[in-house]
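Undergrad: Pulled these from Swiss-Prot:
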{"type": "SIGNAL", "residues": "1-22", "note": "signal peptide"}
{"type": "REGION", "residues": "23-46", "note": "region 'Disordered'"}
{"type": "DISULFID", "residues": "CYS71-CYS87", "note": "disulfide bond"}
{"type": "DISULFID", "residues": "CYS78-CYS91", "note": "disulfide bond"}
{"type": "DISULFID", "residues": "CYS86-CYS96", "note": "disulfide bond"}
Amino acid sequence: MKLTTVLVVALLVLAACQFTVTDNSGDDPENPSLRSVGENQNPDSTKTITAWATRDMTNMRRGLNRPSKRCLAGSARCEFHKPSSCCSGHCIFWWCA
């Protein structure tokens, strides 16, 4: 019972941390210095990656198995709050599924 409680609390803490990172991701146009140094400074980059992932998922549903090279393949590192950068559209514990 104690182990289950500890696991549930740990899961809730991790989920809260992810939501905090997502909310403070630095997309504030008034203060671009909040963004991390390695992050792309183009504000449209997320929309573009989302469009690529959507197009690739549509192509896969239609049987056109030609995923774009612009998305991350399976077992690649990804950002938890941007799963659309993965070709599969799923980012699990910072790895594309």
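Just so you know, the numbers here start at 1 and follow the chain as drawn.
Placed from the backbone N, Cα and C atoms, the Cβ positions cover glycine too.
Given the structure is predicted, the values throughout are model-derived calculations rather than measurements.
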Undergrad: Have a look at the disulfide-bonded residues CYS78, CYS86, CYS91, CYS96 and say which one has the shortest Cα distance to CYS71 (disulfide bond).
TA: CYS86
Undergrad: Taking the Cβ of CYS86 (disulfide bond) as the centre, count every other Cβ atom within 10 Å, in any protein chain shown.
TA: 24
Undergrad: Taking the Cβ of CYS96 (disulfide bond) as reference, which residues of that chain separated by at least 6 in sequence fall under 8 Å from it?
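TA: CYS96 (disulfide bond) has long-range Cβ partners LEU72, ALA73, GLY74, SER75, ALA76, ARG77, CYS78, SER85, CYS86, CYS87, SER88, HIS90.
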Undergrad: With every protein chain in view, what's the tally of Cβ atoms within 10 Å of the Cβ of CYS71 (disulfide bond), excluding that atom itself?
TA: 21
Undergrad: So for CYS91 (disulfide bond), how many other CB atoms are inside 10 Å of its CB?
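TA: Excluding its own Cβ, the number within 10 Å is 21.
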